[in-house]
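Visitor: Below, the features straight out of Swiss-Prot:
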ACT_SITE  C146  active site, nucleophile
BINDING   R21, R126, R127, R166, S167, C168, D169, N177, H207, L208, Y209  dUMP binding site
BINDING   H51, D169, A263  (6R)-5,10-methylene-5,6,7,8-tetrahydrofolate binding site
Amino acid sequence: MKQYLDLMKHILAEGVDKSDRTGTGTRSVFGYQMRFDLSKGFPLVSTKKCHMRSIIHELLWFLKGETNVAYLRENKVSIWDEWADDNGDLGPVYGAQWRSWPTQSGDAIDQISQVIAQIKSQPDSRRLIVSAWNVGELDKMALAPCHAFFQFYVADGKLSCQLYQRSCDVFLGLPFNIASYALLTMMVAQQCDLALGDFVWTGGDTHLYSNHMEQTALQLSREPMPLPTMTILRRPESIFDYQFDDFELTNYAPHPHIKAPVAV
């Protein structure tokens with residue numbers, strides 16, 4: 001994906017060196033946007049191999065409303081292990097906020113069910129938003145939400161989605177985030193009988209960690225391959241009934257995987 005490589009080049013050329021919470025150090029830019037036409041292929045980075053299995057299982061885990069890593073571990077996905085406590089708990093992270101945002105009255109709001117109902121009944125609404133940034137519960141979360149909120153947009157029978165990501169690890173995290181929200185958009189579009197529009201990614205503090213520079217240079221030396229195709233093989237009754245085997249990725253011919261340390 002040229003857009004992703006262009007972002008890396010932009011950070012290297014225009015970014016500033018900053019300290020960060022992890023003590024690793026970053027090169028950072030503030031405010032950046034990329035747009036992907038989902039009708040032209042699935043936006044999965046090809047200049048290194050991405051683990052689509054982890055991306056799918058993490059998204060299904062979010063949609064289940066779960067915040068314990070047990071489901072992920074059962075499916076050999078370890079991307080949240082560094083932040084989990086001894087019992088595998090992460091506090092009220094994405095799944096909790098998406099599916100059961102607590103209200104002052106003691107009720108809970110299922111934002112995913114709500115936004116799908118709104119897309120179907122009020123497609124021109126400007127309030128088709130899901131937020132994970134619950135200020136009242138940030139201190140209970142193992143990690144504050146990086147991909148903080150997203151908005152759907154319906155026009156000409158097509159569904160688009162824009163994600164705002166307040167903090168972005170460009171080398172390790174961003175390929176996952178783009179693919180995850182592109183897939184979520186496909187699922188919601190199917191549930192709402194809409195064609196695919198764009199996925200728009202907007203970043204706040206968008207950075208390369210200082211210990212990812214060699215890996216970034218290697219990735220920039222590689223030529224992007226054509227976009228693969230993601231097919232949803234089945235339409236379940238609801239957004240919450242998808243299974244891992246419902247998704248088929250074809251024509252993905254990436255360059256080899258590049259290892260890099262995670263900043264915790």
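Heads up, the Cβ atoms here are built off N, Cα and C, so glycines get one too.
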Visitor: Write down the Cα-Cα distance for S167 (dUMP binding site) and A263 ((6R)-5,10-methylene-5,6,7,8-tetrahydrofolate binding site), rounded and given in Å.
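Guide: Roughly 13 Å, rounded to the nearest whole number.
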Visitor: For R127 (dUMP binding site) and C146 (active site, nucleophile), what Cα-Cα distance in Å is obtained after rounding to a whole number?
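Guide: Rounded to a whole number, the Cα-Cα distance is 21 Å.
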Visitor: Tell me the Cα distance separating H51 ((6R)-5,10-methylene-5,6,7,8-tetrahydrofolate binding site) from S167 (dUMP binding site), rounded to the nearest angstrom.
Guide: 21
Visitor: Listing them in sequence order, which of the binding-site residues R21, H51, H207, Y209 have their Cα within 10 Å of that of the residue listed as 'active site, nucleophile'?
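Guide: Final answer: none.
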Visitor: Sorry to bug you, but what's the C-alpha spacing from H51 ((6R)-5,10-methylene-5,6,7,8-tetrahydrofolate binding site) to Y209 (dUMP binding site), rounded to the closest Å?
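Guide: Answer for this pair: 20 Å between alpha carbons.
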Visitor: Please give the dUMP site's span as the largest CA-CA distance among R21, R126, R127, R166, S167, C168, D169, N177, H207, L208, Y209, to the nearest whole angstrom.
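Guide: The two farthest binding residues have Cα atoms 35 Å apart.
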Visitor: Between the Cα atoms of H51 ((6R)-5,10-methylene-5,6,7,8-tetrahydrofolate binding site) and R21 (dUMP binding site), find the distance and write it as a whole number of Å.
Guide: 26
Visitor: So which of the binding-site residues is most packed in, judged by how many other Cβ atoms lie within 10 Å of its Cβ, out of R21, H51?
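Guide: Its Cβ has the most other Cβ atoms within 10 Å: H51.
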Visitor: Which chain-mates of H207 (dUMP binding site) that are at least 6 residues away have a CB under 8 A from its CB, listed by sequence?
Guide: I11, G15, K18, D20, T26, R27, S28, V29, S167, C168, D169, V170
Visitor: With DSSP assignments reduced to helix, strand and coil, which class does H207 (dUMP binding site) get?
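Guide: Once the DSSP labels are grouped into three classes, H207 (dUMP binding site) ends up as strand.
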